[in-house]
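One structure below.
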2 protein chains.
Amino acid sequence: MRADARDNRARIMTAADDVFGRSPSASTDDVARLAGVGIATVFRHFPTKTELLEAVLTLRLERLRDRALELAGSDDPGKAFFEFFTQVVSESASKLAIGEALTAAGAAAGEEARAAGRGMREAFNGLLTAAQRAGAVRSDAEMAEVYALMIGASRGATAAKLEPPVRDRMLALIYDGLAPRS
Amino acid sequence: MRADARDNRARIMTAADDVFGRSPSASTDDVARLAGVGIATVFRHFPTKTELLEAVLTLRLERLRDRALELAGSDDPGKAFFEFFTQVVSESASKLAIGEALTAAGAAAGEEARAAGRGMREAFNGLLTAAQRAGAVRSDAEMAEVYALMIGASRGATAAKLEPPVRDRMLALIYDGLAPRS
């Protein structure tokens, strides 16, 4: 891909992330307008709205995975785990909207997005294991329920359109439940 | 309404609860078949699919409110609170599907369902306050975040299609977070 085509693709994805994050029913026209490119350019890169949504969802999941891998190098594994958990829940409002837009377009997440999801999950598992080893998270909590808790907190925050202070108090309750048993 | 019309209405709603609970994209035909009535009878009671979905959602929320009010008379307020929380999360898969079907039909919950939702929320608040007074739930947790936690746990369990043992372990983590601080 030539450099200007690559630039266009990146601008379209950034615009789509923004536009669909705010409104899952937005149109590809809105994306083209925000990206400052013609609609034909959007369709050249992404022949269908589903392909565009899928690319945006994949990008978001890959960014979260990268963030988790970055935090995995931290010398305070407990802080790293809770920071990541908080970031996922805080960012989830628009991430979930992309998922909804895909569903509304009649599509499930495709192989690329699912692979990105698995990568994120694995990186999260690494953060959890390190935090447990460091004694910052109770050792009897398994990945399955801790992950479900993070997804649930994300969806709860989004569904109830929680104000940030309420969201933070909800997270504080969850984190107390994850604390090592004395 | 005559007795046989009332019976038909009740049968249609029970069938709709079941059919749409399993598949939000089910048709009114499927509902008529399961209820054992003609499609014309369904349309006489519920002129649109949206009205039928709304009636089912309202009925579910009213039942949950009634259950909360019933539990409010318990002499073990802690047990009553956690029993209700667990019931809502366990039942949520099909309840959420009704909400999704409404969204897919292009409708938001109407006034009747919203009023039923408020009634359920108030009854839940009563259970929480009693459990806090009895020392079974920490007194610094406010209704807003505890309610968000219940909605989140419901959505997390549904989205991740959790197996019951994982769902129960997730709830155990949440309940430890809600326990009084020692």
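Note that Cβ sites are derived from N, Cα and C of the backbone, with glycine treated the same way.
Residues 5, 8-9, 11-12, 14-16, 18-20, 52, 55 of the same chain lie 6+ residues outside the DNA-binding region (B:27-46) yet bring a C-beta within less than 8 angstroms of a C-beta in it. Taken from TrEMBL, the feature DNA-binding region applies to B:27-46.
According to TrEMBL, the feature domain 'HTH tetR-type' maps to B:6-64.
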**Request:** Report the DSSP secondary-structure composition of the DNA-binding region (B:27-46) as helix, strand and coil residue counts.
**Result:** 15 helix, 0 strand, 5 coil
**Request:** Would you mind giving the whole-number mean pLDDT across the DNA-binding region (B:27-46)?
**Result:** 94
